[in-house]
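Undergrad: Got a structure for you, written out below as structure tokens; questions coming shortly.
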2 protein chains.
Amino acid sequence: MSTVEQQLDELEATITDELPAGVSVTSVAYEGPELVVYTRDPKRFAQEDDLVRGLASRLRKRITVRPDPSVLSQPERAREEIMDVVPEEAGVTDLDFHADTGEVVIEAQKPGMVIGRGGATLREITKTVGWTPEVVRTPPIESSTVTNVRNFLKQEREERREILERVGRQIHREEMSDDEYVRITTLGCCREVGRASFILSTPETRVLVDCGDKPGAEGEVPYLQAPEALGAGPQNIDAVVLTHAHLDHSALIPLLFKYGYDGPIYTTEPTRDLMGLLTLDYLDVAAKEGRTPPYESAMVREAIKHTIPLEYGDVTDIAPDVKLTLHNAGHILGSSVAHFHVGDGLYNVAFTGDIHYGDTRLFDGAVNDFPRVETLVMESTYGGRNDYQTDQDDSERKLKRLIREAHEKGGKVLIPAFAVGRSQEIMLVIEEAMREGEIPSMPVHLDGMIWEATAIHTTYPEYLRDDLRSRIFHGEDNPFLADEFNHIESGEERQEVADGDPAIVLSTSGMMTGGPVMSWLELLGPDSDSTLLFVGYQAQGTLGRRIQNGRRDVAVGDGRDTVSVNMDVETVDGFSGHADRAGLENYVKTMSPRPEKVLCVHGDERSVQDLSSGLYHDHNVRTFAPKNLETFRFL
Amino acid sequence: MSTVEQQLDELEATITDELPAGVSVTSVAYEGPELVVYTRDPKRFAQEDDLVRGLASRLRKRITVRPDPSVLSQPERAREEIMDVVPEEAGVTDLDFHADTGEVVIEAQKPGMVIGRGGATLREITKTVGWTPEVVRTPPIESSTVTNVRNFLKQEREERREILERVGRQIHREEMSDDEYVRITTLGCCREVGRASFILSTPETRVLVDCGDKPGAEGEVPYLQAPEALGAGPQNIDAVVLTHAHLDHSALIPLLFKYGYDGPIYTTEPTRDLMGLLTLDYLDVAAKEGRTPPYESAMVREAIKHTIPLEYGDVTDIAPDVKLTLHNAGHILGSSVAHFHVGDGLYNVAFTGDIHYGDTRLFDGAVNDFPRVETLVMESTYGGRNDYQTDQDDSERKLKRLIREAHEKGGKVLIPAFAVGRSQEIMLVIEEAMREGEIPSMPVHLDGMIWEATAIHTTYPEYLRDDLRSRIFHGEDNPFLADEFNHIESGEERQEVADGDPAIVLSTSGMMTGGPVMSWLELLGPDSDSTLLFVGYQAQGTLGRRIQNGRRDVAVGDGRDTVSVNMDVETVDGFSGHADRAGLENYVKTMSPRPEKVLCVHGDERSVQDLSSGLYHDHNVRTFAPKNLETFRFL
């Protein structure tokens with residue numbers, strides 16, 4: 001008998017002892033980080049909610065109770081009873097019964113009303129039908145990504161359960177080593193922006209944090225072939241943690257599965273969906289540009305299948321000696337700071353991923369409040385000595401003025417924007433300005449993946465800033481559903497817009513390196529009444545940067561045609577998803593306790609050196625500016 | 001056709017072109033780092049020694065010429081002809097013909113006379129018989145180690161050739177990566193003494209430098225299971241380099257073969273033989289102490305079979321992008337500083353192994369004169385602020401006085417000593433003192449492995465200091481053959497010595513942790529006229545240290561008997577094989593150019609920190625005191 005089986009037998013005995021007489025336990029199993037308890041008395045658990053709470057605190061594990069299949073009521077009947085219990089205003093759109101686990105997934109427009117105050121309605125459901133309810137939100141804007149992911153996971157439910165059981169056994173294995181250390185190996189994004197990737201290792205465990213590409217430097221991928229990474233075999237990695245869905249952190253996550261990895265990916269639910277959206281697009285773009293994509297779309301599905309979603313603040317065992325907690329990073333939807341607690345009080349490491357320190361319209365500022373962090377691995381994108389951003393209020397004023405001016409001339413405003421993050425921030429500014437009459441009301445056309453990314457945002461309002469969240473919760477006030485917003489679906493539609501009245505167009509790609517923004521440039525470029533408005537960083541070598549620098553004759557199509565850009569070209573800074581230099585310093589300065597060591601990564605050479613030296617001198621922490629492929633040992 | 005085969009075909013064509021008409025090339029092959037050229041005209045090569053020199057400089061390779069088997073004269077006849085060519089005073093003791101490679105191994109008491117001035121006699125042999133001669137020294141003192149190693153290699157000749165060919169193809173493979181970096185990973189001996197082990201890695205190549213145990217801390221072995229080491233598979237390591245034979249550098253080299261490594265070990269010839277002696281003894285000791293030895297003696301033979309011996313100063317290709325040169329380290333017989341030249345002028349790293357900076361009786365001081373060294377990995381055993389050693393002259397005076405005093409009392413002097421290094425140094429002091437009448441002549445009994453280790457020293461006089469070397473070359477003046485030295489071969493002989501006249505006994509182990517010195521302690525301990533004389537460092541936890549600290553009742557046998565130590569107990573410092581703090585500083589200070597970075601390793605926490613800080617402040621180099629399991633990247 002393996003030690004895990006023995007452990008489960010002992011747990012079953014303990015649980016049986018702990019529970020009141022007459023509450024049965026038919027079996028216990030690990031599923032990922034959770035301990036699942038099967039019972040013939042699910043209603044008793046629902047009635048006395050102290051039972052689960054008592055077990056969880058006694059066993060120090062996350063516990064899920066499921067009904068033994070023998071006590072389940074018929075789905076047809078259960079469906080009716082559930083609809084009786086749940087208030088009609090909840091807007092239930094789907095009920096999906098899974099007899100193997102006794103779970104019923106309830107999709108509803110207002111999940112809160114299915115849950116009830118303190119979970120009262122959920123308990124009522126179990127008391128009535130025995131099934132364990134799980135609630136998901138019906139996307140307020142239809143999202144093919146969310147629908148596809150949910151359908152796919154439903155279809156792969158059986159294999160997914162096998163994966164979770166395997167991962168569960170892995171997490172709860174016995175520790176093998178008496179040694180104690182924590183190491184970080186840098187596989188990318190050191191003294192450069194892009195290809196974020198790290199290994200966090202202990203004598204027991206090896207965790208890969210992020211696995212991205214490098215924009216503008218195709219082929220410069222993380223050093224996965226190093227023996228510290230997958231070179232020692234994919235089974236050598238226990239877990240993958242993804243901080244957020246941007247491609248410079250996520251693009252090569254599916255590649256891990258092509259290389260034989262079949263362990264878990266821990267990330268937030270919106271990051272999982274956005275990763276699906278962005279990596280599939282990444283493959284499309286590669287194919288369109290005639291490059292061989294590094295993996296097939298099947299690998300994206302593998303990644304989704306192996307994802308174990310975590311909520312902010314959940315402390316989760318991901319290995320015998322490692323607990324992971326994700327915290328809001330304020331950067332994009334679902335973005336996280338990943339905090340690792342190693343051993344029993346031994347050591348703590350946090351990886352910031354990308355952070356925005358202050359609040360934005362979309363998100364609260366990044367969390368930096370941890371019980372302990374000895375070592376912080378910190379992004380440094382704007383870590384340079386002079387990397388101070390314009391105040392967002394000033395930026396918004398300028399944005400509104402430029403829109404007003406274009407409208408007065410009867411022109412259009414074309415805003416190239418990244419689908420995830422910046423687009424939604426700009427949408428909120430525009431929606432408010434129109435609602436409050438600061439700019440005239442006019443159509444705002446969304447082209448490329450912006451619409452879909454926005455739909456994903458509205459599916460997970462829990463991840464948005466509280467005032468925005470509550471507007472989405474009360475569906476009638478969802479700013480993303482404002483009448484002005486229109487999803488462009490065809491080339492003809494673009495032509496109509498171009499020929500029509502004043503309007504705003506937000507279109508990908510954000511640096512004009514391809515995507516529908518190229519068609520918009522062909523249509524609107526010659527119009528001297530219109531404005532081309534940059535709201536994000538334009539990297540060296542991109543068309544966006546060239547136009548910013550004064551280039552006005554631009555090759556379009558397959559490079560055979562040229563368009564003259566007669567539009568006004570304007571730039572509004574200050575909508576970055578990254579903390580500026582002050583924000584990065586404040587993030588560290590306001591931590592309590594202060595970390596002992598900070599590794600400055602994810603910035604160009606100058607930025608990491610400046611930030612490293614600044615934090616050292618002004619805030620008295622030991623700082624490092626690592627190179628790729630170095631290993632630091634703590635303890 | 002593989003790229004290596006293509007390369008060899010091209011080389012064969014080039015060589016045929018370069019050689020004068022009528023000098024044939026029948027084939028070319030790589031054997032380890034050498035390019036072997038087979039010819040039907042070996043005599044032409046012997047006549048015109050410019051031919052080989054020209055090819056070597058044209059091709060930038062080490063070239064060995066061998067006769068095509070078709071042109072070899074009969075061994076019986078060749079034997080007579082060789083004996084005619086070689087002067088009788090050379091003392092040829094064996095001739096061994098290998099028809100497969102056309103080589104004849106000539107074992108002689110005076111190899112120099114077989115070689116002749118500038119190799120004239122060797123060339124004469126080839127001109128006469130066609131065979132390629134190789135000369136080895138007949139051990140002046142019979143050495144079972146040397147005999148066993150030579151017989152074993154003779155017997156395994158065919159497999160060894162296969163190994164060399166495989167290694168040759170590996171070394172001369174095409175480079176695969178465009179990346180450029182040099183990394184050092186620490187697997188042991190950081191902030192501690194013992195378990196020396198490092199990985200030097202480039203995008204192409206991974207070299208393991210040393211693989212030792214940790215004295216007094218059985219089980220604390222190098223981190224071989226780390227993915228940076230063998231964890232990524234033994235084939236991941238291209239080469240092993242051994243700086244010297246002491247067990248804290250060599251003990252686990254044979255273990256690599258148990259773990260599946262089957263690549264080359266680069267080291268000096270005497271280190272190969274001493275490694276054989278010491279690791280076999282290491283297995284014996286483990287067995288005697290009832291521990292399971294970490295590997296079988298067959299693995300020691302594998303290690304010997306895979307050793308490619310290098311001479312000091314030979315620049316050798318060990319990988320497509322790495323050249324290795326070993327230099328005298330002055331520490332023990334065959335000990336080396338390992339210098340790596342990476343890429344074509346890209347980067348240089350030297351590992352000191354253990355060094356003695358000043359000259360000793362046995363060895364010249366460690367070499368620190370390299371064309372370039374950007375990073376130096378440096379031992380720090382005596383790197384502490386106050387680790388200054390007594391002058392050797394003072395130490396010798398004290399040693400001689402104590403011997404004289406014991407002799408006057410009619411007692412014996414018992415000196416526990418390490419078999420390799422310190423024993424021979426003390427033997428030289430005693431031999432000279434007796435020869436010059438500074439101490440009375442009396443028998444000097446050598447017990448344990450000392451005799452055998454001394455025999456190995458006399459087999460390789462090229463590795464000894466020049467005056468000592470020339471005394472051994474002229475056999476009649478070999479100090480190790482002085483009449484006073486006697487090899488103890490039995491327990492009865494020990495009893496006779498104990499019952500007899502004044503004498504000196506040198507016996508292992510050096511820290512009285514076992515070995516024949518324990519019997520000597522039983523025999524001589526109660527005799528208050530005798531002296532127990534420590535000449536080396538006694539580690540914490542050893543019996544030697546306890547007696548130094550005043551303990552006088554000592555358990556012997558299986559711990560059932562007790563002996564009272566009534567002997568005078570004395571300590572003479574200053575015979576260390578390690579540089580002291582001043583020596584270590586001088587080693588760095590006198591380097592030209594000075595290294596940019598120094599990694600201080602192989603010393604306890606205090607010693608590495610002191611040395612690291614001292615070198616930084618006084619000599620303006622960037623210094624580091626690494627921990628085990630860190631990786632540093634250069635470039």
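Backbone N, Cα and C define each Cβ position, glycine as well.
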Undergrad: Check each of the ranges A:459-517, A:577-635 against TrEMBL and return the one annotated as region 'Metallo-beta-lactamase C-terminus'.
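TA: Checking TrEMBL against the ranges A:459-517, A:577-635, the region 'Metallo-beta-lactamase C-terminus' one is A:577-635.
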Undergrad: With A:Asp248, A:His249, A:His602 listed by TrEMBL as Zn(2+) 2-binding, which of these, A:Asp344, A:Asp354, A:Asp359, A:Asp364, is given for the same site?
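TA: Given A:Asp248, A:His249, A:His602 bind Zn(2+) 2 in TrEMBL, the matching entry from A:Asp344, A:Asp354, A:Asp359, A:Asp364 is A:Asp354.
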Undergrad: If I go by TrEMBL, which of A:His306, A:His327, A:His331 binds Zn(2+) 1 at the same site as A:His244, A:His246, A:Asp354?
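TA: Zn(2+) 1 site check in TrEMBL: besides A:His244, A:His246, A:Asp354, the record includes A:His331 out of A:His306, A:His327, A:His331.
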Undergrad: Around the Zn(2+) 2 site recorded as A:Asp248, A:His249, A:Asp354, A:His602, what other same-chain residues have a C-beta within 8 angstroms of the site's C-beta center?
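TA: Nearby residues not in the site list: A:Cys189, A:Val193, A:Gly194, A:Ala196, A:Asp210, A:Gly212, A:Thr243, A:His244, A:His246, A:Gly353, A:Glu379, A:Thr381.
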Undergrad: Just to be sure I understand, if DSSP states are collapsed into helix, strand and coil, how many residues of the domain 'Beta-Casp' (A:423-547) fall in each?
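TA: Each residue of the domain 'Beta-Casp' (A:423-547) counted once, the result is 62 helix, 15 strand, 48 coil.
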Undergrad: Within a 10 Å radius around the Cβ, which one of these binding-site residues has the most neighbouring Cβ atoms: A:Asp248, A:Asp354?
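TA: Highest number of other Cβ atoms within 10 Å: A:Asp354.
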Undergrad: I'd like to know which of these binding-site residues, A:His244, A:His246, A:His602, is least surrounded, judged by other CB atoms within 10 A.
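TA: Ranked by other Cβ atoms within 10 Å, the binding-site residues A:His244, A:His246, A:His602 bottom out at A:His246.
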Undergrad: What are the other residues, in sequence order, whose C-beta lies within 8 angstroms of the center of the C-beta atoms of A:His244, A:His246, A:His331, A:Asp354 at the Zn(2+) 1 site?
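TA: In sequence order, the nearby non-listed residues are A:Thr243, A:Ala245, A:His249, A:Ala329, A:Ile332, A:Ser335, A:Gly353, A:Ile355, A:Gly421, A:Gly577.
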Undergrad: For the region 'KHa' (A:5-72), what does DSSP give as the number of helix, strand and coil residues?
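TA: Helix (H, G, I), strand (E, B), coil: 33 helix, 17 strand, 18 coil.
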Undergrad: How does the domain 'K Homology' (A:98-165) divide up by DSSP, counting helix, then strand, then coil residues?
TA: 39 helix, 13 strand, 16 coil
Undergrad: Whole-number Å only: compute the distance from the Cα of A:Asp354 (Zn(2+) 1 binding site) to the Cα of A:Asp248 (Zn(2+) 2 binding site).
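TA: About 10 Å separate the Cα atoms of these two residues.
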